[in-house]
There are 2 protein chains.
Amino acid sequence: MKTYKAYCVDLDGTVYRGTEPISSAVSFVRRLQQKNTEPFFVTNNASMTQLQLKQKLARFGVSAQLPRIMSSAIAAAKYIKRWYPGKSVYMIGSEGLEQALVQEGIERVGKDADIVLMGIDPSINYEKLAQACLDIRNGAVFLSTNRDLAFPSERGLLPGNGAFTTLVAASTGVDPVYIGKPEMHMLEAISHEFGYDKSEMVMIGDNYETDILAGLNFGVDTVHVNTGVTPMEKVLEKEQQPTYIVEDLSFLKV
Amino acid sequence: MKTYKAYCVDLDGTVYRGTEPISSAVSFVRRLQQKNTEPFFVTNNASMTQLQLKQKLARFGVSAQLPRIMSSAIAAAKYIKRWYPGKSVYMIGSEGLEQALVQEGIERVGKDADIVLMGIDPSINYEKLAQACLDIRNGAVFLSTNRDLAFPSERGLLPGNGAFTTLVAASTGVDPVYIGKPEMHMLEAISHEFGYDKSEMVMIGDNYETDILAGLNFGVDTVHVNTGVTPMEKVLEKEQQPTYIVEDLSFLKV
């Protein structure tokens, strides 16, 4: 198979499963780094900061460069800075999103914002959602980190940011722009910032509906790995196929 | 026009607008009572108790009999008692819903409920919504007081119970049974409890999408009043017409 300059690797289900590393992925990253290729890590997670994600990867034996960790929080902040420079943001979210906005020097306000940005927030309450609805009804641009309706926990599937975003969209009648996968914004940010051509990039992940579709939406090559959410046989039924389908990342030449 | 035994009168937009009474409606209720007909008051409001609603009506000069105030909270509790006797309820809601459950002797639990019941809750938080999602995924019946996506306040349109219900429905993939209008459950409860035949009942209200549709769904006569949400000319465009359309309740013979 072809080699690439930018390997964009999903995290949960691709590099680790919850608290367990996937050894074939850990080895794959090392093989890349031995060839002086630093991978990108592309995750819909918006609650953790880049540093927290780097530390989590380090615990699994994966060394990641901070600027190459692209979360939907980081991508959202970069999107705002690039397309809405100087605009103020009303944010619902947690530490990852907060720090991403600080990092890009974006002004946060408590109301009357130009932009409403939603990410998962364990401290969500009525007032926060009400203010988001009021600002959106007053014309604020509506952005959301990702569409994730639920995420696994030891208690079962808990409501994700996509569910809270649906609440605000239903109440206001305004649909948001989603930043995370399957949208292409995170890949676009990597391409824009690091100067890669689409032909030099590949998106690698376990979830057809997010990872593979993000790659297809942006128009880059894709690799499906059979280590997470979407079983290989389900992927084979899809009309739009990934460029490569592998059992795990030990099968991927670099 | 025909006279009825059960006049089912909507509240907001029909008897009052926010904090102002609608005088033609106040007189209409008095005329009914002079003929020894006690009206029913049918409201999607689930946050206020029957007593609070009675007191609010009294401030506008309307005397209401407590058992004839049918809120979506009262209707929800009666629905549970009738169709799921002995079953436990996990409730999200405020005082009106809480008291309605107490009144019907329904057991409330903090988790592992047979039924999840949602109403508007100004103290909503992540944990409450998470528990609702977990119980529904574990097979609990999903009920919600009403579909209202937004409601007016002095600050603007705030998210209503329907928006929060949409969050839980989106996250779990389970659609709830809604109790409030346009569903027929409140009218059905009046018919069942007081022993009225459908031909003896009429639903009166300002909102085509809730009041008139509730009457049409239950199969009783309907009166649209031009004092609230839906303008008369919009009603005239609808395929399913109310039985009567009046400017206000001074035009309604009793």
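Numbering starts at 1 and runs along the chain as displayed.
Every residue gets a Cβ built from N, Cα and C, even glycine.
Here the structure is a predicted model, which means the values were calculated and not measured.
Features of the protein shown, as given by TrEMBL:
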ACT_SITE  A:ASP10  active site, nucleophile
ACT_SITE  A:ASP12  active site, proton donor
BINDING   A:ASP10, A:ASP12, A:ASP206  Mg(2+) binding site
BINDING   A:LYS181  substrate binding site
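Comparing Cβ neighbour counts within 10 Å across the recorded positions A:ASP12, A:ASP206, the minimum falls on A:ASP12. The Mg(2+) site is defined by A:ASP10, A:ASP12, A:ASP206, and by the 8 Å test on Cβ atoms against their centroid, the other residues of the chain that qualify are A:LEU11, A:GLY13, A:THR14, A:VAL15, A:THR43, A:GLY205, A:ASN207, A:ASP211, A:THR227, A:GLY228, A:VAL229. Each of the recorded positions A:ASP10, A:LYS181 was scored by how many other Cβ atoms lie within 10 Å of its Cβ, and the smallest score goes to A:ASP10.
Using a 10 Å Cα-Cα cut-off from A:ASP206 (Mg(2+) binding site), the recorded positions that qualify among A:ASP10, A:ASP12, A:LYS181 are A:ASP10, A:ASP12. The DSSP secondary structure for the residue listed as 'active site, proton donor' is strand.
For the pair A:ASP10 (active site, nucleophile) and A:LYS181 (substrate binding site), the Cα-Cα distance reads 10 Å. Rounded to a whole number, the distance between the Cα atoms of the residue listed as 'active site, proton donor' and A:LYS181 (substrate binding site) is 13 Å.
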